[in-house]
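**Student:** Dumping the structure here so I can ask a few things about it.
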Amino acid sequence: MSGYSSDRDRGRDRGFGAPRFGGSRAGPLSGKKFGNPGEKLVKKKWNLDELPKFEKNFYQEHPDLARRTAQEVETYRRSKEITVRGHNCPKPVLNFYEANFPANVMDVIARQNFTEPTAIQAQGWPVALSGLDMVGVAQTGSGKTLSYLLPAIVHINHQPFLERGDGPICLVLAPTRELAQQVQQVAAEYCRACRLKSTCIYGGAPKGPQIRDLERGVEICIATPGRLIDFLECGKTNLRRTTYLVLDEADRMLDMGFEPQIRKIVDQIRPDRQTLMWSATWPKEVRQLAEDFLKDYIHINIGALELSANHNILQIVDVCHDVEKDEKLIRLMEEIMSEKENKTIVFVETKRRCDELTRKMRRDGWPAMGIHGDKSQQERDWVLNEFKHGKAPILIATDVASRGLDVEDVKFVINYDYPNSSEDYIHRIGRTARSTKTGTAYTFFTPNNIKQVSDLISVLREANQAINPKLLQLVEDRGSGRSRGRGGMKDDRRDRYSAGKRGGFNTFRDRENYDRGYSSLLKRDFGAKTQNGVYSAANYTNGSFGSNFVSAGIQTSFRTGNPTGTYQNGYDSTQQYGSNVPNMHNGMNQQAYAYPATAAAPMIGYPMPTGYSQ
């Protein structure tokens, strides 16, 4: 097939001459850990006339694409909910061969059994291959990574070979270590096929191997802002050769406070570069960043122009009090874990809550592990590996894992604590229903979250989801000022919470109160509510989950044609977990968790690697 040829195909030798374009060979790493990151970096004063010229437009429109009429293009864009803004935007490619990627790239695509480009790939590839700046706004799991990596490979193949002292040609900035590593995993397979080198640099890991990769020369560098600035300041790499810049999850990087570091980094890159910015949302802060960094860019939006969730996700909201969450979570897990393939992520608000909930669930026999920002990189990698391979199918996480965590077969997301914004809510639930799969998201929504209720209802309505009548009641109560008074759902037990906690396993369901029979009290209360119709199949007006949620279990059909229709209870499982779980071992060399058909003897402690808190 036709592809992109370049002088790289002629096998030029990679010499070891003097550093080009101002490459640095500075001394050892600085030991300074505090202060203003990037304060040693001086903003470059670029003279484009003195810089080597480079190519960035390599797009060859396929004959099949050229014959496609404007009406056919518009029909395709409407069917895929593609909205384009900007001048001279190329037509979308409907098939992989229309992108004219090199044969070795097409071979990898064939091995991965992809059938057709996703919407963002179909429209993004022609734009990126044309050398244009672009902004891509699409939901999580939509194929954004390949949208910029494959054009990056074509771009690199048309540039001169790296020489000693040269920095990367393609720089991908990512907000978290996990996302950077996942991008590197995707890049590695394509780079091997194309005889290119890539590396991933991030904090929390030894600097030595990362420095050696940079010194040997890499065409693609995937980096978190902090570690990259560290290496730039001490001269271990430079960005003089960088002509293809990617800002992945730009909204998340701004949320995490990386804007000053991003600006310091971009100041080190020549201004005539090609820049691609990717985001799941389009707030004003991201718009401002695009105006500052991009020139005459094409804006591609997939899905609704406003804040929207993946329509393949069934969203179920339970309006409750904080002290009710633990019992509700256990009942949910009893139903979910009746199928061993049901990987589940439970999102919590704080690191402390993450540790507490993980310890309690493990003591009760659940195969759960926790991940948050205070974990070491080695421990985070180990936990994610256990989760991905099904050895610990329950992951309890803070928002550190809500973006960029790419595990294909996550079936359920549970928002134990509602996040601070609807954007974070959308990113959290986006961990399920990756690509074209479906998934389910449960959310515990309390009166403490009332400021978010209107935004949540908007997200649910946009996705054609059933809306819990209690959410609508909260809106009315908020408007009348009753949400904290007698007329609303005031939590009259807030004074019992310890400092920094709102419910959780360290309030009513701590070990002492649990042994005294509080669990039985809650179960009796739940049974009474069921008999009185609160959780009944016939009437959801005062209930918890689902719309027309057929009582054959969570995996059954859910019809959202009537957003205010009858709710039916999906908790028909009578299997009891808690301490009645068979012996289970976990570890790198142990077999996966065996899911019993019947209850068995109490389990022994769930073994962890050295240094992991029980």
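Backbone N, Cα and C define each Cβ position, glycine as well.
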**Student:** Say a student had to find the SUMO2 cross-link annotation in Swiss-Prot: which of LYS56, LYS264, LYS451, LYS501 would be the correct pick?
**Tutor:** LYS451
**Student:** If I look at Swiss-Prot, which residue among LYS43, LYS53, LYS284, LYS325 would I find recorded as SUMO2 cross-link?
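**Tutor:** Matching LYS43, LYS53, LYS284, LYS325 against Swiss-Prot annotations yields LYS53.
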**Student:** Write down the residue from LYS144, LYS207, LYS351, LYS388 that Swiss-Prot flags as SUMO2 cross-link.
**Tutor:** LYS388
**Student:** Of these recorded sites, LYS45, LYS340, LYS391, LYS437, which scores lowest on Cβ atoms within 10 Å?
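**Tutor:** Among the recorded sites LYS45, LYS340, LYS391, LYS437, the lowest count of other Cβ atoms within 10 Å belongs to LYS45.
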**Student:** Check the recorded sites LYS451, LYS470 for other C-beta atoms within 10 angstroms of each C-beta and report the one with the most.
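**Tutor:** Of the recorded sites LYS451, LYS470, the most buried by Cβ count within 10 Å is LYS470.
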**Student:** Under 8 Å between C-beta atoms and at least six apart in sequence, can you list the same-chain neighbours of TYR297 (phosphotyrosine), or say none if there are none?
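**Tutor:** For TYR297 (phosphotyrosine), the qualifying residues are GLY86, LEU132, ASP133, MET134, VAL135, THR275, MET277, ALA290.
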**Student:** Sort LYS53 (SUMO2 cross-link) into helix, strand or coil using the DSSP assignment.
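**Tutor:** Reduced to three states, the DSSP call for LYS53 (SUMO2 cross-link) is coil.
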**Student:** Looking at the recorded sites LYS53, LYS340, LYS391, LYS411, LYS451, which ones sit with their CA no more than 10 Å from the CA of LYS437 (SUMO2 cross-link)?
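**Tutor:** Cα within 10 Å of LYS437 (SUMO2 cross-link): LYS411.
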**Student:** Around LYS411 (SUMO2 cross-link), how many other CB atoms lie within 10 A of its CB?
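**Tutor:** Step by step: centre on the Cβ of LYS411 (SUMO2 cross-link), count other Cβ atoms within 10 Å, giving 20.
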**Student:** In sequence order, which residues at least six apart in the same chain have a CB under 8 Å from the CB of LYS343 (SUMO2 cross-link)?
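**Tutor:** Those within reach of LYS343 (SUMO2 cross-link), by Cβ under 8 Å and sequence separation of 6 or more, are PHE387, GLY390, PRO393, ILE394, LEU395, VAL407, ASP409, VAL410, LYS411, PHE412.
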